[in-house]
Amino acid sequence: MAAFELYTKFARVWIPDPEEVWRSAELLRDYRPGDKALLLHLEEGKDLEYRLDPKTKELPHLRNPDILVGENDLTALSYLHEPAVLHNLRVRFIDSKLIYTYCGIVLVAINPYEQLPIYGEDIINAYSGQNMGDMDPHIFAVAEEAYKQMARDERNQSIIVSGESGAGKTVSAKYAMRYFATVSGSASEANVEEKVLASNPIMESIGNAKTTRNDNSSRFGKYIEIGFDKRYQIIGANMRTYLLEKSRVVFQAEEERNYHIFYQLCASAKLPEFKMLRLGAADRFHYAKQGGSPVIEGVDDAKEMVHTRQACSLLGISESYQMGIFRILAGILHLGNVGFTSRDSDSCTIPPKHEPLSIFCDLMGVDYEEMCHWLCHRKLATATETYIKPISKLQATNARDALAKHIYAKLFNWIVDHVNQALHSAVKQHSFIGVLDIYGFETFEINSFEQFCINYANEKLQQQFNMHVFKLEQEEYMKEQIPWTLIDFYDNQPCINLIESKLGILDLLDEECKMPKGTDDTWAQKLYNTHLNKCALFEKPRLSNKAFIIQHFADKVEYQCEGFLEKNKDTVFEEQIQVLKSSKFKMLPELFQDDEKAISPTSAMSSGRTPLSRTPSKPTKGRPGQMAKEHKKTVGHQFRNSLHLLMETLNATTPHYVRCIKPNDFKLPFTFDEKRAVQQLRACGVLETIRISAAGFPSRWTYQEFFSRYRVLMKQKDVLGDRKQTCKNVLEKLILDKDKYQFGKTKIFFRAGQVAYLEKLRADKLRAACIRIQKTIRGWLLRKKYLRMQRAAVTVQRFVRGYQARCYAKFLRRTKAATAIQKNWRMYVVRRRYRRRRAATLVLQAYLRGHLARSRYHKMLREHKAIIIQKWVRGWLARTRYQQCLHAIIYLQCCFRRMMAKRELKKLKIEARSVERYKKLHIGMENKIMQLQRKVDEQNKDYKCLMEKLTSLEGAYNSETEKLRSDLERLQLSEEEAKVATGRVLSLQEELAKLRKDLEQTRSEKKAIEERADRYKQETEQLVSNLKEENTLLKQEKDSLNHLIMEQAKEMTETMEKKLVEETKQLELDLNDERLRYQNLLNEFSRLEERYDDLKEEMTLMVNVPKPGHKRTDSTHSSNESEYTFSSEIAETEDVPLRTEEPSEKKVPLDMSLFLKLQKRVTELEQEKQVMQDELDRKEELVLRSKAKEEERPQIRGAELEYESLKRQELESENKKLKNELNELRKALSEKSAPEVTAPGAPAYRVLMEQLTSVSEELDVRKEEVLILRSQLVSQKEAVQPKDDKNTMTDSTILLEDVQKMKDKGEIAQAYIGLKETNRLLESQLQSQKRSHENEAEALRGEIQSLKEESNRQQQLLAQNLQLPPEARIEASLQHEITRLTNENLDLMEQLEKQDKTVRKLKKQLKVFAKKIGELEVGQMENISPGQIIDEPIRPVNIPRKEKDFQGMLEYKKEDEQKLVKNLILELKPRGVAVNLIPGLPAYILFMCVRHADYLNDDQKVRSLLTSTINSIKKVLKKRGDDFETVSFWLSNTCRFLHCLKQYSGEEGFMKHNTSRQNEHCLTNFDLAEYRQVLSDLAIQIYQQLVRVLENILQPMIVSGMLEHETIQGVSGVKPTGLRKRTSSIADEGTYTLDSILRQLSSFHSVMCQHGMDPELIKQVAKQMFYIVGAVTLNNLLLRKDMCSWSKGMQIRYNVSQLEEWLRDKNLMNSGAKETLEPLIQAAQLLQVKKKTDDDAEAICCMCNALTTAQIVKVLNLYTPVNEFEERVSVSFIRTIQMRLRDRKDSPQLLMDAKHIFPVTFPFNPSSLALETIQIPASLGLGFIARV
């Protein structure tokens, strides 16, 4: 068919438009060859005459059919041209909110300027392992393709991300790296992935900045190589950077910023560690404020700084190095503030003590004077001498900026090097995937050196891209054996030669840089002379001699020559660098280690700036010549070399292309600017790809797909058995021009436009068929309707005419009669109305006047009474408020004092004694008091002896009187001495009197305090009694109200039951959630356990000679096993070697990450357990507190006992102190022998006697207190300890010898101080007791207050109820009572749960203690077994043993245990021997062996057998865990073993269904409840493994069988899919269908039934299988646009009905499996329902209650018509749906969790099989077992 034949009436075309780029129009008449214009009708409703070009006669582009618009791949379009590409991208971006589109091998990504929920873990998992064409376009699909090709082809890959600034390149590269980090290894096992991702925030902070086009624009290019090992897990990475924009450090354009790191530092300047940097706001620094936009909306620079520092720490950059980096960056900011002052035109200076420069020097650790000097001077070197010359202010400013740029560039490279070191791996790299994030083609109003390098790089990348696309096209044609003709594609090699060849632009630029007098102008002239008029791609602007134009592949770009040489040389003064190298700051010289090669010689440097000397240096002599030879490479040369290296790397890899498009320049979300988009599409090579594809055969169909799609165009006779021949025959008839298509081996290749022509033929054929069907059906319906209407009309006419005649006659008669009646009646009515109104008026007047008079009187009366009431009420309220405030203040004082007293008492208790001392004091208190009595008696005896001695001394004194008189003269000589002594004694007496006075005062204070305490106690007791009385009254009122409400509550029983059912359901949901959480933890524990075993095996294999050491068992129990106590002998049965204690250093890193993961997981489990334990303890403490309220009085009594005990201790200490003082006085008297001093009449003697008397009185008081305390102690013990009251304290005298010789008064003062301390102690105890009473009163007051509030609330409710009508009153009362009873019910349930937990804990502890006691008493009680100790610790149990009859037990020797386990578990194969066994036979055999061990009362044998069984089952599942039959077999047997342990446990709850014989077989000695829990956990692990196995089997079948395969043939046709071919929906050989899924489900079911699995467990497995099918199907549906169509919805519903039929056949409809398919069913219904009006939206919202809002909107956005008569969903309808669903609270997650496992339960299922009837087959090899 000729091209012009497609231009018929109503055909749609694209015409150019200056505003919209391309505009759609419709032909109003057919085009005929020779026409000069086309008559078009625009979409706006206008008609247009479109003139054709008279030279080319080129017709406008045809528009693709609507059915092809919005496709995932642009190459699927029939017409491949620019408007078609632009329109397809716009429809996907604006209407469907899809930002990714394929264009052949290129992924086009449009920046949405909005966060989209399409990058989560669930999306990554959905794309992992999928073919690139099977899912919707996504960056994850490209990453998965690269990862898959790397593993499949063992070839390195590259992902090239390019685009304009702000197009989203960095984000795309970041998501690609995140995908690799997620799918290649777990981040919790190794932190390599985290380090790779952590490099992004660091590089963004130092390399990204805000521009006018992008808030986070990358100002450098980078290529990241992510390394993988042989298992294709990430082991490291390496980064290469290109062309950092250094000029941004010193200059920013309007509305732009410097690099992010500077603003992050300024935002964090207030941190303590940054004080030394002396930073502030960003607008204080010249280098940060030039753009005038220091803040980015929505970005917190301080938080970003935290992320940057965290990333640095993760990558191993220490804190000291981080602070060093920040010092350098802060120094750059301060350097920018350094200002210069001109002295003259050629010199400048810096102000003295310039603060910015001083701060810069301090931070950099350099000398201020030296740096100040070299910023204003420079060194010039000639052939013979070197001299220093000042520079101008402009030159100094440029030199300062050059230094800042140089420092930042060096720091940038240093950070990149350290990041690479952190990402480097010691493991050998097997392969890598490179991610290139590089700048796209750029053109601005002023383009300089940076844009030249960027566009040069894009020319190289575009050449590589063109060659790769051309190569793929060629390979596809050769593979299909299609004749290959050379396609003319744009080759940009001439442009590349213009730039990089000899005498090219870069070559001439480098040459000019070497010239001493080279300038930008001279370089421009050389360019003109060399290339102008010689190269077609090089042009000169008309109005400029300092610019040139290059024709790039994307567009013409004009470059300004100004600054090219300066930027290419990138020079900096060597003297300034030398100053920095001499820095005391160690990190700074590291940046310039290789700077000798990086800095140009002075001569070359001088030529690059303002010329200072006209004499050029001679590079041929001496050292300067040598340095000239070592001239550094220019920036252009370096960039060219790095670009060549990059191209070599890319050419050695398989490239994948991502082209990022910026939709608008204003960063508006989902706004599409056609002009900007077209510019970028032309620049990024997408249109070139389209052009190359369109030049050949762009549309490609497999023969089966073509036959399925265009079967409607064939006649029955055309359909042959050979699909290929059928397609050939049909195509020859449909398309006469054979050049429009080619037949390949597996595909048919079409020229552009031919698929659109075939679609037109198909649509015409379907439309004609539809018209014929409609014509026939409408005619038949209308004929039927007409005949029915005709018969009905005749009948109706007949009856209506007769009825009308009768009605008319009747009307005439009635009219005449009515006239007479009306006349009389109207007269009567008028007269009666008048009389009635007159009478009523008189009555109303009388009543109204009386009413007004009465109302006035009542009003006056009410006002008078109201005034009286207000007077009294206000007075009463004021008095009440005063009393309440007074009571509240007193109450608060009481509470506070009680609290303080309690604290002091607690403190004194802790200080006074420990618990052990308290016990001893209570036990031996009687003995201590008796000892004190005996000591007092001994002191009395000593006192009597002393009195006798005193009497003898008096006699001796009288006898010697005469003798003393003779000595009178001698005594008179010593009279002076006596006077002095007398004065001393008088002073002592005065002091003693003062002390006594203080003592008396203290006693009086103590007495007053005690009296106040007693009085306060009485008042408190009185107050408590009053409060109790009030409480009693309130309770009575409450009971009366409750009684009234209870009478009304009887009618609400049904409502209460309903609420109880709802609460029960909620509790069941909570229980399922908790069970799921526990089983997930168990699953994680099992996985870690398996991993641990694998690690041990690997370590065993790595270690050549295993060293003997400690041996331990594997974890044979679940995570709950730590709660139980098992014998350590279990571990001795295992012989698993532990990993060597001293592994070699080379092997440590191999498993260190996994070890850290295990350690981290164990820590988390321990923490979680500790949290749960703390929660349990807290609840128990609350229970104890509630119980303690009932025991408040005994606690108060205990507090008094502690107070009295403490007082008694204080008295004992005082007694000991007095005894010590007495002994010291006695010792002093015995040592002094002067009789004159000790004479009875001496003053000192009298003084001491008085002191002795006072001390004796004090001791009497103490004795009385002791007696009181003793009596109280005796009364408190209540005859617990018999007392002997014979030795009571009767003497109240204190023995004391002469104290005449006492010289030191400090002891008396010390005694006084001790008494004062005792008084203080007693007072503090009294205060604490007082505070305790206050706290108690406060608690009672609070309870009373709550009761008052309850009473008030009840009264208010009652008052409100009384105001309501009777029905509403009853309803309100019942509602209130329901609420109250519900709250009480919840409180009671909480208390019951707490008590149950306490009981369980106590039972558990009791079992543990009983076991420990049993183990300790084994040696002493040989006749008592451990089982008897556990069950009944006090009395042994006699076990009756019947040996004659068979009792259903199996006996084996202990040494045969391993053989039993080996034959019955390890070597038993379900497919072989086990298939003919009784279901659950291994479980029965094991239980019978356990029964015999229980019969023998051998606990070690029981434990050993159970442990070996569990370990062996785990080994079997680990070895053959991927075999469904094995896992199902052992799940069934584990559950049967568990049921046997329950059935024969002896517990009544499990014995209900047992026979009498089975009850005799119950276990007698051991309680194996703990092992039942362990087996339950093992069964959970096996169930989860079973789910994983069946998931792995079903996963490949689900998508193909449920979505892709056409169960109903011909309903849905295949649409063209472009280059990324999807999996065919036609059932080829090896393709899974729905029958495959049903057969596999039946296989699962038959295996489980054959193994005797519990029916309830089979239902749970079926529910899980159907959930997996539904979740995987729905997830793929949400990610595949081609599957969202009306016909596919029908296919899905049919497939679901087949699954439901399978459930009915297997009797599993009540398993809950059907409900798991509800989201998929609703999604299929959503595809089929009408989607136009608001009523349709309402119906959809009501129907799709199992789908989330995100899923509903996604399906509507993805809905794609397969045929032309289907319509797309409008954007307005989708917005209506969103508005209606905005209040729905559901998960924002798009995909279902296909890995979710429902919590499993194992309902008790007793067996009716008698144990004594079980026979053991010989095939099991268990001949060593004997029946008992």
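Here the Cβ of each residue, glycine as well, is placed from N, Cα and C on the backbone.
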When TrEMBL is consulted, the range among 643-665, 1241-1263, 1793-1815 described as region 'Actin-binding' turns out to be 643-665
Near ATP: residues not in GLY163, GLU164, SER165, GLY166, ALA167, GLY168, LYS169, THR170 with Cβ within 8 Å of the site Cβ centroid are ASN111, ASN214, SER217, SER218, GLY440, CYS660, LYS662
Confidence over the coiled coil (1155-1231), expressed as mean pLDDT on the 0 to 100 scale, is 58
Ordered by sequence, the long-range same-chain Cβ contacts of GLY168 (ATP binding site) under 8 Å (at least 6 apart) are ALA109, ASN111, CYS660, LYS662
Per the Cβ filter (under 8 Å) with a sequence gap of at least 6 from its ends, the region 'Actin-binding' (643-665) is approached by 89, 93, 103, 105-113, 139, 142, 145-146, 149, 153, 155-169, 172, 176, 213, 223, 240, 242, 434, 436, 440, 456-457, 460-461, 464-465, 468, 671-673, 676-677, 680-681, 684-686
Given the binding-site residues SER165, THR170, the candidate whose Cβ has the fewest other Cβ atoms within 10 Å is SER165
Candidates GLY163, GLY166 (binding-site residues); min other-Cβ count within 10 Å returns GLY166
Cβ density check for ALA167 (ATP binding site), other Cβ within 10 Å (all protein chains) comes to 25
DSSP puts the residues of the region 'Actin-binding' (643-665) at 9 helix, 8 strand, 6 coil
Cβ atoms other than its own within 10 Å of the Cβ of GLU164 (ATP binding site), all chains, total 25
DSSP assigns the residues of the domain 'Myosin N-terminal SH3-like' (8-60) as 0 helix, 24 strand, 29 coil
Within 10 A of the CB of LYS169 (ATP binding site), the number of other CB atoms across every chain shown is 27
